[in-house]
């Protein structure tokens, strides 16, 4: 029987292997191309989102009317690539003085590109100091054409300043100390135990000893996109900020005013402490911040909050709608010096070139508004508790404001109470009673905050002028009561001195404009 010749299988196998390798290589190259294209597209759009955030931050800083911190701008719903945008904005601000100087020396910012100034800054950072990914856009191509000139200008700048590295040119050298991540549980939507169980999956969770609705996680966790944060079950809120609503301690069913409410974290905290019962009137004058407040309220699920577009100073305490207000949370506009690190204000140009005289003048204007707002809060007839808080470390905005209103507060039956007696850091010892005040400090691993609590003494007979009659507020029938002349004389003298001082100074808040809360 004839033997069948064997097919030359080995060469065919080799051919198949070679073909398969070619296909695999083409597939890998195709994947690399797709990955590179995706990275370039992501970088292209991230630069433009970063330029938008940078524009808002720089304009707000230039006018000292910033409506939101850098973090708030980045983490707004309109920004899609938050992580890349945040990194670009922070790094560009960090290098901005250097970027501006080398751009000026090379004269590349012509009138044609002036309208895209912020995008120029972002792109120069990314191409000269960053990763140089995705240079296909018109601005990217323009900066790439001048890359050698920019690098030459940078080298000359280092020689002129006699520095060895680019980092030595940077004006801001702040040590980034990692701080715990605090989470406030919105008990209107979820209980604390369920939240602990959920976040224990990603980090060690510690329950706060003072605040029962606060959790502490390890530093470094970005939870902005966590489902419980997105749906309003949990809010990223610092411990010091959470202490304010607990200090006010409103009861379910009360009527409460949050006088300067935006962005609304303390407002919705009040709603949770009141178990969704009663009524919270949240005032906000700034239209942009009012929208942020309304969005915060919507996310929280609170149904007992009425947002009022207007100035708290225009709220009439004698109006029937406000006569039963029993608590006021006053957290007025302030310098923000206690949270400047968290807000990243140290990266902004004004922080670098701030002149002490200008800063002092601004703080005095803020203190004038803060004092007026606190005096107004004290004038509500049925109020029992008032918290005054700032995120400032300056005495002028804190202890000095409290001391200035003490005569009025005393004449109306209020006294300073001691929130969190176990807390060791108290007010600066500048007047008798400052030990009742509370301060927090960045050295405590928290924000720099100040809290004062006014409580009306029980059974106080407080007489106020109502038309031509003197009526006692505690008398439901409104019958006439005797007037205590020593107290009324003190009130009269206080208001007389205030009227005389305001007449001499003009607008205490801003030195002449008609807006009482412009600062």
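For all residues, glycine too, the Cβ spot is worked out from N, Cα and C.
What TrEMBL records for this protein:
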{"type": "REGION", "residues": "1-39", "note": "region 'Disordered'"}
{"type": "COMPBIAS", "residues": "13-23", "note": "compositional bias 'Basic and acidic residues'"}
{"type": "COMPBIAS", "residues": "24-33", "note": "compositional bias 'Basic residues'"}
{"type": "DOMAIN", "residues": "171-457", "note": "domain 'SAM-dependent MTase RsmB/NOP-type'"}
{"type": "BINDING", "residues": "260, 261, 262, 263, 264, 265, 266, 284, 311, 331", "note": "S-adenosyl-L-methionine binding site"}
{"type": "ACT_SITE", "residues": "391", "note": "active site, nucleophile"}
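The average per-residue pLDDT of the prediction over the domain 'SAM-dependent MTase RsmB/NOP-type' (171-457) is 91, rounded to a whole number. Residue 311 (S-adenosyl-L-methionine binding site) has a Cβ environment of 18 other Cβ atoms inside 10 Å. With a 10 A radius on its CB, residue 262 (S-adenosyl-L-methionine binding site) counts 25 other CB atoms from all the protein chains. For the pair residue 260 (S-adenosyl-L-methionine binding site) and the residue listed as 'active site, nucleophile', the C-alpha distance works out to 13 angstrom. Same-chain residues at least 6 positions away in sequence with a Cβ under 8 Å from that of residue 391 (active site, nucleophile) are, in sequence order, 240, 241, 334, 336, 337, 338, 339, 447, 448, 449, 450. In this view, residue 264 (S-adenosyl-L-methionine binding site) is surrounded by 27 other Cβ atoms within 10 Å of its Cβ, with every protein chain counted.
Across the annotated binding residues for S-adenosyl-L-methionine (260, 261, 262, 263, 264, 265, 266, 284, 311, 331), the two most widely spaced Cα atoms sit 19 Å apart.
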